[in-house]
Amino acid sequence: MAKGTFERTKPHVNVGTIGHVDHGKTTLTAAITFTAAASDPTIEKLAYDQIDKAPEEKARGITINTAHVEYNTPTRHYSHVDCPGHADYVKNMITGAAQMDGAILVVSSADGPMPQTREHILLARQVGVPYIVVFMNKVDMVDDEELLELVEMEVRELLSKYEFPGDDLPVIKGSALQALEALQANPKTARGEDKWVDRIWELLDAVDSYIPTPERATDKTFLMPVEDVFTITGRGTVATGRVERGVVKVQDEVEIIGLRDTKKTTVTGIEMHRKLLDSGMAGDNVGVLLRGVARDDVERGQVLAKPGSIKPHTKFEASVYVLSKDEGGRHSAFFGGYRPQFYFRTTDVTGVVELPEGVEMVMPGDNITFVVELIKPIAMEEGLRFAIREGGRTVGAGVVAKVLE
């Protein structure tokens, strides 16, 4: 049941915690909700165990456990995701189930960067998480100031290695557990009353100032995946679909892109729920009437887009999660030359997989980067999500990490 109405007064930003298992991501998430709730009674405080038993959700046919919490700072409203298991992170980031405008990388000061720290940073780079803020957790367990400096240096170097601005991004040191315990003892702990709670505020300040407010979907260039096509006698051809981003107006020029040669046309009408409109915007399900376009010139799987804003491509590097047998995926490995269907937006296109040097095969449950060559072009850009299917069954999920040709 909805808990009150959503007040859209502050800009909305999506964030999440990433980092190695047991470094304190979930404890930090709990501490943030308690910290924000101390000054804003509308925020729901969530204890560790409430976040940890995250509900299952499905994205692109894949089951993922994700906890969603929300909180406000004086300037913004945040949606924050936290995943219980490493596999959930991989799946979440690749499917884009929880799009992040920025991430909080949690590193235990007692252990320094660990294998999943590296993996999550690489994933963030591959799937296009644009900003990272670091929270060095458990500093109360480290007595040696030099050791803390060493860990900070290591984390910064690791981030730079994966093309994040490691030297410049904010690193906040604190203890999520100490802050949470202080807030559980006194839920009204305000800023300036406890040094550990203040570190959480410092983190929130860094997230507020370092992660920019994302561009709204309506401000981006127009794109609409075509779901269906039909003819209106005497008026012409209508393409229907949900506008993914931007705005389209009557008399706009648009390109029809993908699957065949790009064609330019003019929008002569827009309708929604059988009513005529002047424009359609991100989120609207519309029918777009196209001038001089025959019924056979446009098909499901193409996109309508602002001319020059997106190009058709066939070859790309993909970051992929392959479903395990238990998740309904393949029961056996696949090899180079594997030819499944790649489901982009509204249609399947066959493609051939080329594995990286030194990789013989890919097992169910693997997270891997490989090159795909499609038999037909698709309107494509970095960050585009897709499913991998065999005979209509999802066997993997991926994201375009790099467009090649």
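Counting starts with 1 at the first residue shown.
In case you wondered, yes, glycine gets a Cβ from its N, Cα and C as well.
Database features (Swiss-Prot):
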- 19-26, 82-86, 137-140: GTP binding site (BINDING)
- T26: Mg(2+) binding site (BINDING)
- 10-215: domain 'tr-type G' (DOMAIN)
- 19-26: region 'G1' (REGION)
- 61-65: region 'G2' (REGION)
- 82-85: region 'G3' (REGION)
- 137-140: region 'G4' (REGION)
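Where Swiss-Prot records a feature, it is marked here on the structure.
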| residue | record | Cβ contacts under 8 Å, 6 or more apart |
| --- | --- | --- |
| G19 | GTP binding site | K25, L105, V106, V107, Q116, T117, H120 |
| D22 | GTP binding site | S108 |
| T26 | Mg(2+) binding site | T17, Y48, I51, D52, A67, D82, P84 |
| C83 | GTP binding site | G16, A54, I64, N65, T66, A67, Y89, N92 |
| H86 | GTP binding site | V21, Q116, E119 |
| V139 | GTP binding site | S109, L148, K173, G174, S175 |
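Nonlocal intrachain contacts for the region 'G2' (61-65), taken as residues 6+ away from its ends with a CB within less than 8 angstroms of a stretch CB, comprise 54-55, 83-85, 88, 91-92, 95, 97, 321, 323, 327-328, 387, 394, 397. Its own atom aside, the Cβ of K25 (GTP binding site) has 26 Cβ atoms within 10 angstroms in the protein chains shown.
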